Amino acid sequence: MVAAPTTATELKLGTDCVIADINLAAFGRKELDIAETEMPGLMALRAKYGNEKPLKGARIAGSLHMTIQTAVLIETLEELGADVRWASCNIFSTQDHAAAAIAANGTPVFAVKGETLEEYWAYTHRILEWSDGGAPNMILDDGGDATGLVILGTKAEQDITVLDNPSNEEETFLFASIKKKLAEDSSFYSRTKAAIQGVTEETTTGVARLYKMQKSGELPFPAINVNDSVTKSKFDNLYGCRESLVDSIKRATDVMVAGKQALVVGYGDVGKGSAQSLRGLGATVCIAEVDPICALQAAMEGYRVVRLDDVVDQMDIFVTATGNYQVIRNEHLVKMKDEAIVCNIGHFDNEIDVASLKDYKWDNIKPQVDHITLPSGNKIILLAEGRLVNLGCATGHPSFVMSNSFTNQVLAQIELFTKANEYGKEVYVLPKHLDEMVARLHLSKIGANLTELSKDQADYINVPVEGPYKPDHYRY
């Protein structure tokens with residue numbers, strides 16, 4: 001292990017690592033130790049597989065928010081034998097003390113809170129570059145940026161014109177980073193792609209990208225959709241957002257949520273948790289939805305289902321949770337009331353048309369909180385520049401719910417790494433018995449005791465006594 005330098009500049013120049021401040025490592029380790037007590041699933045996997053080392057030989061390129069909870073995930077992967085390199089999947093989501101704690105133990109980590117887009121793509125490249133000149137054989141992704149980088153870079157090796165017309169600021173920096181890498185090594189991406197056995201994807205947005213590639217025949221390796229494990233989407237997306245959304249709004253603005261008019265755009269699992277979060281603090285919550293089933297669910301829960309255009313001048317708080325593109329556009333932004341709070345809890349920053357605000361007057365209040373003066377003279381408060389508010393303005397989901405998600409991630413990595421030949425170039429989900437196992441590992445921590453089926457009862461409903469108890473198509 002290389003002796004740890006003391007500044008980000010030294011880290012950039014001297015070691016296989018980029019973090020903000022190694023002096024934060026002790027603080028990060030204290031929080032990491034506390035988080036472990038709230039993450040029983042990951043601790044159980046360490047106990048079960050620690051001696052066996054099922055991930056020995058795995059080289060995992062991780063692109064996922066560099067938080068304290070992620071630090072516990074990283075150390076679990078390493079305990080199970082993996083060699084890991086890590087970057088954050090969002091420019092604002094890194095917790096610098098978490099990155100320092102991981103770096104202090106010798107793991108190559110490339111993550112700083114408040115990265116530029118140029119740095120973000122440089123760091124994402126670094127997780128694909130092993131110090132011995134080798135490549136990763138596994139990707140652990142959140143949002144699909146690492147996977148997408150490898151695939152787009154491979155296309156660019158054959159036809160550089162695919163990088164000619166970036167459609168937004170993010171693509172401008174992405175395309176430039178690929179061109180720079182190709183100038184250094186013209187076959188880097190194809191070699192990397194050939195080495196990868198599989199990818200496990202954490203979030204709704206990244207899963208959508210995987211299914212799109214599968215449909216077009218462009219998916220070059222097997223993928224496991226971790227997001228659609230029940231113990232991920234129905235827990236992380238719902239209960240995690242229920243706690244972390246209002247935490248981030250309160251930290252950023254200190255406003256009283258009670259009595260405010262709030263609009264949640266999108267009523268999937270993330271939207272459901274967000275709506276509960278705001279209602280729980282006393283806001284009057286409305287929902288905007290395109291899906292009639294989700295809209296009916298919202299109405300049956302007592303929310304008003306409205307069109308954004310009809311209420312945009314009435315709302316105090318706007319939250320996007322759709323995974324879609326330009327949901328709140330300039331035509332909506334300019335009509336907002338004075339001091340309206342605007343934020344996003346979907347993965348990417350393009351749910352809100354932040355680019356259309358660049359020519360207006362911006363007044364930075366504090367990191368990730370901006371006052372923007374509209375042509376009307378009204379000011380809006382934009383949080384985290386339209387990126388993930390719960391990680392940009394707070395610390396994300398609590399450790400316990402992330403243990404559910406990350407236990408699925410570890411199981412998915414083991415599955416693909418140890419059984420690579422059993423999977424084709426498609427998107428898969430973990431089998432039901434593993435989903436139930438993840439839930440079972442978390443029950444005792446919160447004092448829950450399962451009832452057991454008798455053999456006669458199990459036979460009556462035609463399930464094994466030990467489960468699984470529901471068919472794959474069951475909707476929880």
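The backbone N, Cα and C atoms fix where each Cβ goes, and this holds for glycine too.
According to Swiss-Prot:
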type: BINDING; residues: Thr67, Asp142, Glu202, Lys232, Asp236; note: substrate binding site
type: BINDING; residues: 203-205, Asn237, 266-271, Glu289, Asn324, 345-347, Asn390; note: NAD(+) binding site
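Feature annotations (Swiss-Prot) mapped to structure.
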{"residue": "Thr67", "record": "substrate binding site", "DSSP (3 states)": "coil"}
{"residue": "Glu202", "record": "substrate binding site", "DSSP (3 states)": "coil"}
{"residue": "Asp236", "record": "substrate binding site", "DSSP (3 states)": "helix"}
{"residue": "Gly266", "record": "NAD(+) binding site", "DSSP (3 states)": "coil"}
{"residue": "Glu289", "record": "NAD(+) binding site", "DSSP (3 states)": "coil"}
{"residue": "His347", "record": "NAD(+) binding site", "DSSP (3 states)": "coil"}
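Set side by side, the binding-site residues Gly266, Gly268 differ in how many other CB atoms lie within 10 angstroms of their CB, and the most is found at Gly266. Reduced to three states, the DSSP call for Asp142 (substrate binding site) is coil. Per Cα geometry, Asp236 is the residue among the binding-site residues Thr67, Asp142, Lys232, Asp236 nearest to Gly266 (NAD(+) binding site). Residue pair His347 (NAD(+) binding site) / Asp142 (substrate binding site) shows a Cα separation of 9 Å. Nearest in space to Asp236 (substrate binding site), taking C-alpha to C-alpha distance over the binding-site residues Thr203, Thr205, Gly268, Glu289, Ile345, is Thr203.
In this structure the residues listed as binding substrate are Thr67, Asp142, Glu202, Lys232, Asp236; their two most distant Cα atoms lie 17 Å apart. If you take the CA of Lys232 (substrate binding site) and look 10 A around it, the binding-site residues you hit from Thr203, Thr205, Gly268, Glu289, Ile345 are Thr203. Ile345 (NAD(+) binding site) counts 28 other C-beta atoms within 10 Å of its own C-beta, drawing on all protein chains shown. Long-range Cβ contacts of Thr203 (NAD(+) binding site) within its own chain (separation 6+, distance under 8 Å): Asp142, Gly143, Asn227, His347. Cα-Cα distance from Gly268 (NAD(+) binding site) to Thr67 (substrate binding site): 25 Å (rounded to the nearest whole number). For Glu202 (substrate binding site), the number of other Cβ atoms no farther than 10 Å from its own Cβ, over all displayed protein chains, is 27. Distance between Cα atoms for Val270 (NAD(+) binding site) and Thr67 (substrate binding site): 20 Å, as a whole number. In sequence order, Ser93, Thr94, Gln95, Ala98, Leu391, Thr395, Gly396 constitute the residues six or more apart from Thr67 (substrate binding site) in its chain with CB-CB distances below 8 Å.
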